[in-house]
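Student: Quick paste from Swiss-Prot:
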SIGNAL    1-19  signal peptide
DISULFID  CYS66-CYS94  disulfide bond
DISULFID  CYS68-CYS83  disulfide bond
DISULFID  CYS73-CYS93  disulfide bond
MOD_RES   ARG78  ADP-ribosylarginine
MOD_RES   TYR85  phosphotyrosine
MOD_RES   ARG88  ADP-ribosylarginine
Amino acid sequence: MRTLAILAAILLVALQAQAEPLQARADEVAAAPEQIPADNPEVVVSLAWDESLAPKHPGSRKNVACYCRIPACLAGERRYGTCIYQGRLWAFCC
């Protein structure tokens, strides 16, 4: 029983250690809100990420433009995740 309690404590500490950097990033994003017109269905998002997570386009070394769109990505784009803006879910498309 003691071992189970120790393992649970270690797991909670590990999860908290991973959550702190995510909270710091969320705080940075929340600190700098952008003013975007409500009638604009397209939102341009600038993100910093690990290169290993970047979209791979064979034969292309150009920068990839990514957008948050409703309801879905346009033809030729691929969905890489979800954006949350003004309480709504958007497709993150590149």
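Backbone N, Cα and C atoms are what each Cβ position is placed from, and that goes for glycine too.
Values in this document were obtained by computation on a predicted structure and should not be read as measured data.
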Student: Based on Cα coordinates, which of the following recorded positions are within 10 Å of TYR85 (phosphotyrosine): CYS66, CYS68, ARG78, CYS93?
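Tutor: Near TYR85 (phosphotyrosine) by Cα: CYS68.
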Student: Filter the recorded positions CYS68, ARG88, CYS93, CYS94 down to those whose C-alpha lies within 10 angstroms of the C-alpha of ARG78 (ADP-ribosylarginine); answer none if the list is empty.
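Tutor: Matched recorded positions: CYS93, CYS94, sequence order.
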Student: Determine, to the nearest whole angstrom, how far the Cα atom of CYS73 (disulfide bond) is from the Cα atom of CYS83 (disulfide bond).
Tutor: 12
Student: When you rank CYS83, ARG88, CYS93 by Cα distance to CYS66 (disulfide bond), which of the recorded positions ends up on top as the closest?
Tutor: CYS93
Student: Long-range same-chain neighbours of CYS93 (disulfide bond), Cβ under 8 Å, sequence gap at least 6?
Tutor: CYS66, TYR67, CYS68, ARG69, ALA72, CYS73, LEU74, GLU77, ARG78, ARG79, TYR80
Student: Taking the disulfide-bonded residues one at a time (CYS68, CYS73, CYS94), which has its Cβ surrounded by the most other Cβ atoms within 10 Å?
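Tutor: Of the disulfide-bonded residues CYS68, CYS73, CYS94, the most buried by Cβ count within 10 Å is CYS68.
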Student: Hey, what's the Cβ neighbour count for CYS83 (disulfide bond) at 10 Å?
Tutor: 18
